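Colleague: Okay, handing you the structure first.
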Amino acid sequence: MNETTTKQPLKKRSLSSYLSNVSTRREELEKISKQETSEEEDTAGKHEQRETLSEEVSDKFPENVASFRSQTTSVHQATQNNLNAKESEDLAHKNDASSHEGEVNGDSRPDDVPETNEKISQAIRAKISSSSSSPNVRNVDIQNHQPFSRDQLRAMLKEPKRKTVDDFIEEEGLGAVEEEDLSDEVLEKNTTEPENVEKDIEYSDSDKDTDDVGSDDPTAPNSPIKLGRRKLVRGDQLDATTSSMFNNESDSELSDIDDSKNIALSSSLFRGGSSPVKETNNNLSNMNSSPAQNPKRGSVSRSNDSNKSSHIAVSKRPKQKKGIYRDSGGRTRLQIACDKGKYDVVKKMIEEGGYDINDQDNAGNTALHEAALQGHIEIVELLIENGADVNIKSIEMFGDTPLIDASANGHLDVVKYLLKNGADPTIRNAKGLTAFESVDDESEFDDEEDQKILREIKKRLSIAAKKWTNRAGIHNDKSKNGNNAHTIDQPPFDNTTKAKNEKAADSPSMASNIDEKAPEEEFYWTDVTSRAGKEKLFKASKEGHLPYVGTYVENGGKIDLRSFFESVKCGHEDITSIFLAFGFPVNQTSRDNKTSALMVAVGRGHLGTVKLLLEAGADPTKRDKKGRTALYYAKNSIMGITNSEEIQLIENAINNYLKKHSEDNNDDDDDDDNNNETYKHEKKREKTQSPILASRRSATPRIEDEEDDTRMLNLADDDFNNDRDVKESTTSDSRKRLDDNENVGTQYSLDWKKRKTNALQDEEKLKSISPLSMEPHSPKKAKSVEISKIHEETAAEREARLKEEEEYRKKRLEKKRKKEQELLQKLAEDEKKRIEEQEKQKVLEMERLEKATLEKARKMEREKEMEEISYRRAVRDLYPLGLKIINFNDKLDYKRFLPLYYFVDEKNDKFVLDLQVMILLKDIDLLSKDNQPTSEKIPVDPSHLTPLWNMLKFIFLYGGSYDDKKNNMENKRYVVNFDGVDLDTKIGYELLEYKKFVSLPMAWIKWDNVVIENHAKRKEIEGNMIQISINEFARWRNDKLNKAQQPTRKQRSLKIPRELPVKFQHRMSISSVLQQTSKEPFW
């Protein structure tokens, strides 16, 4: 078929159905392949014998090769024809046998072998036999053909490789056919034109119109193509990837197994395992390092045609609404539909409502994040039109915005639209990267179109960043530390900020955040010399892992330019300081572009790093391969971050550099004037000396300094024509002097190897010349030779020079070692301070916990007291009215509750009611179990409660009598007075208080066991005791029960003779009542 033919979209089938069909087909075809194994082994053995025979014949009998080829070719053809015939006969035999068994046995076929086994076998064998016989075996005319080589002969004798069943399935596309469709026609169609099957398959309408979108649904067929490098997943989707179930051998286009593998990369994960914006490290945390991680950002006002206000969302995980479907990652169906590119479904969901368009999943990603990540521009436009926040950030662990996701994945149209609708290109994620820095390097892509897209994205982000910062007024608002609050996405990192960050790092929230970060690299001794160690150093320099870098260089590890530039680029001042302290040259440039560290540091908002480099002696006048200086990159930042203070700092550094070297040049000029004769003599001597001495002179530091001065002054003309006025006289004099010597230095530097060879030859010639041959020479030549001999270095001079060089090296090593010791001492002091601060924090934490524990104990005690009070109040509500109003603090009003009632048992022991004694003595402990033995207590019989109520009503209903002179036995006055209350109300109160009285716990106790310390009080109480009879209570109760058992009035009325008069018919009832009342006491 034509390769340009486009494939039609395929029908989407369920994953479980597809897998079951594939596994069934695999089992069937494996059984078929086993039947052919023996035949293949026999054939392979024959082929090996043929190859061996052919090699031996070719080696021993080269003259009979032609005849041997014809014989072997005919034998091979005959063997092949016999094999094909045998296979055809076997196949026909098996078909006849199977059809015969089907007629005889009916449905006796096993369940695990489908009916299409024979058809599949027939088709496969036909395909194999046709493929094995036709293409690779040719009928060759041996007589008319040219002689064969040994390789051609071996290729002719070797039988073509037979295809296995798995290869056949993979090539012919049988894995995509349903089991019920596996007929002869379909199988034959698949073996000839496998592409035709795909044309008849389309996506079902249910996938397009339904709102029930799942995480396993396929992505829309019109999704944008990702840039062809590699596919990574976002941090929250790391665990979502799944592997193929069949080792990637049988996955067809209907399978959704690898759907999760096509998730686009996220800048957070692609840029490293940890943020260059560091929290407090475990070891070396107090050094000044990268900008803080969690800046406080305010909304920046801007003017836009859409009149939409800028907003940067807080990276807190929102409260998720209940009742809305979410997958394992916390995504709603709206987010899933945006991820899959289903525009119609998204539009329908938004129109129907019920979904928060800015709802975030477990990783803090919104629907706009999903659409921007996958590059669905139509969905992005729809979401923004309906109020999606373009600057919302994911959780603090990632901190990505939709613009960062779109930029990292190369979606140019999405980037354009987001920038047009107010997306902030200066926002940094948790890795400290902006959208510009998240874009991949062009060198990682081979396609020119992809490179063009990346360049366009960077261009637009750079322009947008400049416009954004200019609108924010960055040139007018400077911070104390030099970092502009509007330009840089972090606050100034001074000592105060550092202390706050350290304090925040010790808090539980920051501690939990640190735990979520990837662990730092561990140092091994092999890292010093291995390539893996250099990669670890590069990663640590990029991510700001100070402990690893310190340990690496302390153990003698070599610092490379790549790691140094990365630490400068990311703004890690502490790591840059360590590199410089251990002797890394601050002015070393890259090999390709001649870029210096200062050029890398400027224009990125790392003002502290720029200051550090300048203090370490960075040359601000260096130029790269394009002739640009650090000042140019500071003014024309590729990230759009221009800081006026940084520009001023570099200009001052250049001015100071020029001024310093101009003074040095003036001093050199004075020395030249004072030693003019010596200088002239040196000039004359240069014309006659040997090339070696000339090369030595050209390599002196003086010439190098003069070349640097020349280059520096040229830079001054380019960068400061309009800004600074340099002294004309000093500049012109030094420039003239340098131009005179520049050509000499250049000439010797270009021809160094040639001059060295010529010089050696000249010395050998001088040595080979005899004294006789020297005599005819002119006095001028002898004088030149004499001068050259005079200036040759003697042994003493050489020893002195070597000694000076050795002393200089020692001093330099000592100075370097001293610097390293000072740095390590500083690191140790910082570590000690950090440990002290941690101990202090621990003490404060212990005090806080102790205070919190005490406060909690007090709170629990108060709650317990309130609970006890509430309990007592609840119990008090169960007391009768008279008991409530008794004052238990007054122990002298016992007379109000007399007389005291008691009864006598068989042993003549007096028993009193404990409740009345408690009221008399105001002793609550009297009712406790420990005070009175349980064996000596007699519980109150329920039948006695009514008589006791009648006796003690004056206490529990009326609250006792008044203790005054007017109160007497005949006319008692009580606390509670029901004189003004009608009879029904009074009866109701009495009934209510009686119910409370009978619920009180009461018991009879021995009067002798009651302890009263005041004998007068005891004597007075005993004088007011009244004896009652318990037996009478029992008899009265029994009579009452008997009365209840007596026939009712109606029953008795039926027994009364009707002949009696009416006034005598009820005589018996009246007499029983009279008898009962006569037995009861009248009190």
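Every residue gets a Cβ built from N, Cα and C, even glycine.
OK, Swiss-Prot features for this one:
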- 1-233: region 'Disordered' (REGION)
- T37: phosphothreonine (MOD_RES)
- 67-85: compositional bias 'Polar residues' (COMPBIAS)
- 86-118: compositional bias 'Basic and acidic residues' (COMPBIAS)
- 135-149: compositional bias 'Polar residues' (COMPBIAS)
- 151-166: compositional bias 'Basic and acidic residues' (COMPBIAS)
- 167-185: compositional bias 'Acidic residues' (COMPBIAS)
- 186-207: compositional bias 'Basic and acidic residues' (COMPBIAS)
- 267-328: region 'Disordered' (REGION)
- 277-293: compositional bias 'Polar residues' (COMPBIAS)
- 300-310: compositional bias 'Low complexity' (COMPBIAS)
- 314-323: compositional bias 'Basic residues' (COMPBIAS)
- 363-392: repeat 'ANK 2' (REPEAT)
- 398-427: repeat 'ANK 3' (REPEAT)
- 472-516: region 'Disordered' (REGION)
- 481-496: compositional bias 'Polar residues' (COMPBIAS)
- 532-561: repeat 'ANK 4' (REPEAT)
- 661-742: region 'Disordered' (REGION)
- 665-675: compositional bias 'Acidic residues' (COMPBIAS)
- T700: phosphothreonine (MOD_RES)
- 721-740: compositional bias 'Basic and acidic residues' (COMPBIAS)
- 762-790: region 'Disordered' (REGION)
Colleague: So what pLDDT does the repeat 'ANK 2' (363-392) average out to?
Modeller: 94
Colleague: If you run through the repeat 'ANK 4' (532-561) with DSSP, how many residues end up as helix, strand and coil?
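Modeller: Split into helix, strand and coil, the repeat 'ANK 4' (532-561) gives 22 helix, 0 strand, 8 coil.
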Colleague: Please list, for the repeat 'ANK 3' (398-427), how many residues fall into helix, strand and coil according to DSSP.
Modeller: 16 helix, 0 strand, 14 coil
Colleague: Treating G and I as helix alongside H, and B as strand alongside E, what does DSSP give for the repeat 'ANK 2' (363-392) in helix, strand and coil?
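Modeller: Across the repeat 'ANK 2' (363-392), the residues distribute as 17 helix, 0 strand, 13 coil.
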